[in-house]
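Annotated features in Swiss-Prot:
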type	residues	note
DOMAIN	60-148	domain 'PPIase FKBP-type 1'
DOMAIN	176-265	domain 'PPIase FKBP-type 2'
DOMAIN	293-384	domain 'PPIase FKBP-type 3'
REGION	1-34	region 'Disordered'
REPEAT	401-434	repeat 'TPR 1'
REPEAT	450-483	repeat 'TPR 2'
REPEAT	484-517	repeat 'TPR 3'
Amino acid sequence: MDDDFDIPAGDDMMMGDGMGDFGGAEGPGMKVGEENEIGKQGLKKKLLKEGEGWDTPEVGDEVEVHYTGTLLDGKKFDSSRDRDDTFKFKLGQGQVIKGWDQGIKTMKKGENALFTIPPELAYGESGSPPTIPANATLQFDVELLSWTSVRDIAKDGGIFKKILKEGDKWENPKDPDEVFVKYEARLEDGTVVSKSEGVEFTVKDGHLCPALAKAVKTMKKGEKVLLAVKPQYGFGEMGRPAAGEGGAVPPNASLVIDLELVSWKTVTEIGDDKKILKKVLKEXEGYERPNEGAVVTVKITGKLQDGTVFLKKGHDEQEPFEFKTDEEAVIEGLDRAVLNMKKGEVALVTIPPEYAYGSTESKQDAIVPPNSTVIYEVELVSFVKDKESWDLNNSEKIEAAGTKKEEGNALFKSGKYARASKRYEKAAKFIEYDTSFSEDEKKQSKQLKITCNLNNAACKLKLKDYKQAEKLCTKVLELDSRNVKALYRRAQAYTQLADLELAEVDIKKALEIDPENRDVKLTYKTLKEKIKEINKKDAKFYSNMFSKMTKPSAEESKA
């Protein structure tokens with residue numbers, strides 16, 4: 001395979017003075033025979049034959065063309081076709097005249113166009129003796145045969161990627177994904193230092209050298225590339241001694257690597273802490289996923305890390321296992337993972353103890369020891385989503401909101417504040433838009449909104465999400481400006497956010513409305529003590545500062 005990343009410069013006659021002005025491009029939908037101006041310097045393009053697809057080459061790509069160049073009087077001065085030899089150059093690098101750089105980047109594969117290039121974008125006042133006179137306008141009949149993308153993927157010149165075979169679709173692997181690749185790594189003299197006909201690794205963990213992980217993140221499935229790798233992305237200043245089948249890499253050696261991304265398994269990190277890992281073994285259908293409250297049908301096999309099977313449901317002669325999400329029917333990690341799956345998907349889910357059986361032993365088909373990480377293979381056979389607001393009429397929305405509120409209350413009493421918060425959020429969403437409600441329905445809706453947002457604010461305070469607690473209380477006060485609970489809870493949130501002035505405003509207003517409220521009075525007392533303490537600290541700080549400013553220096557004392 002050709003390892004050369006230096007693109008041929010072509011005939012001397014074709015060399016330009018610089019990269020040129022890249023303004024302007026082909027307008028959309030040019031028809032055969034139509035002529036358009038590109039940019040504002042007089043470059044014209046006439047379409048002779050349409051190309052394929054929509055892609056056009058980019059700056060840095062190696063393009064391959066056939067061309068015939070003529071003066072305006074029709075006199076031919078050069079032709080690759082006459083030589084039966086295609087011409088290659090690197091687009092946008094000043095290897096050709098400016099008119100070529102600007103014009104060819106508007107072409108599609110297989111396209112044939114006639115470019116009329118003014119002197120300013122060709123050879124100018126000097127011309128190119130003896131064939132091209134000074135100030136000559138030139139015409140080039142150009143056919144774009146193909147191009148090869150060359151990308152500086154590290155953005156520092158450390159890794160250049162040349163695409164040899166385009167991949168499928170548009171997705172690229174991410175850090176958590178497991179990729180399967182084939183590669184051959186060589187020194188610049190062609191010595192093979194490492195080779196594999198198939199190896200799997202997690203992108204963020206890397207393999208062989210840093211260049212492989214960086215490269216695969218830019219590749220599509222089935223893509224084949226040639227990498228030119230500087231030492232900092234290879235084996236660095238130290239190099240590598242020979243080991244097993246791997247050859248030695250000298251210090252500060254550059255590498256050339258053939259790399260093919262055969263496939264990869266998508267790994268999703270679930271949850272704010274990203275501790276639940278879902279690896280897709282079989283892709284699913286469509287884009288729909290279950291929502292909270294959906295009834296799902298699954299096949300599951302639960303294993304310990306040593307491979308011991310402790311649970312198997314829905315396989316062989318068994319009916320598929322059915323449960324309702326977000327109802328604690330299964331362990332939390334499995335519940336969360338299923339919410340991230342599509343119908344027909346098969347996934348391997350790795351769940352740490354805090355989202356599995358915790359620090360207690362669990363007796364299943366086999367014993368799950370305390371603090372065990374468990375692994376589930378899950379197939380989502382089907383699901384029926386819980387109804388959303390748009391699925392319901394007005395009376396059903398109010399009824400559903402009331403039901404979710406009661407579910408939230410039960411969860412709150414059990415100390416399950418995060419799950420309770422979600423119930424209150426869903427209840428509020430059912431009645432968020434009430435413009436079509438009757439007057440009686442609007443009254444019910446208003447009261448439900450107040451209750452759900454107040455209760456949710458209580459959840460957020462328990463969860464230490466003080467900013468959200470403040471926002472929820474503000475929503476309540478927009479509906480009922482004299483709501484004591486909303487003022488009281490917002491004051492609590494402001495206090496935790498160290499905004500004591502706003503907290504004092506709210507608590508004073510709450511006391512004006514309900515002077516005998518014990519909780520409000522106690523909170524006001526605590527708040528005043530905090531403010532007093534802060535004022536004391538501030539006074540001491542400023543006193544010390546002013547004392548330093550007014551204290552005479554040693555020289556002044558002597559005087």
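Each Cβ is built from the backbone N, Cα and C atoms, and glycine gets one as well.
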Quick one: mean pLDDT on the repeat 'TPR 3' (484-517)?
96
Residues of the parent chain within Cβ reach of the repeat 'TPR 1' (401-434), under 8 Å, 6 or more residues beyond its termini:
292-293, 326, 389, 392, 441-442, 445, 448-449, 451-453, 455-456, 458-460, 462-463
Apart from its near flanks, which chain residues at least 6 from the ends of the repeat 'TPR 3' (484-517) lie with a Cβ under 8 angstroms of it?
450, 454, 457-458, 460-461, 464, 466-467, 469-470, 473-474, 476-477, 523-524, 527, 530-531, 534
Looking only at residues six or more beyond either end of the repeat 'TPR 2' (450-483), which have a C-beta under 8 A from one in the stretch?
401, 404-405, 408-409, 412, 417-418, 420-421, 424-425, 427-428, 489-490, 492-494, 496-497, 513
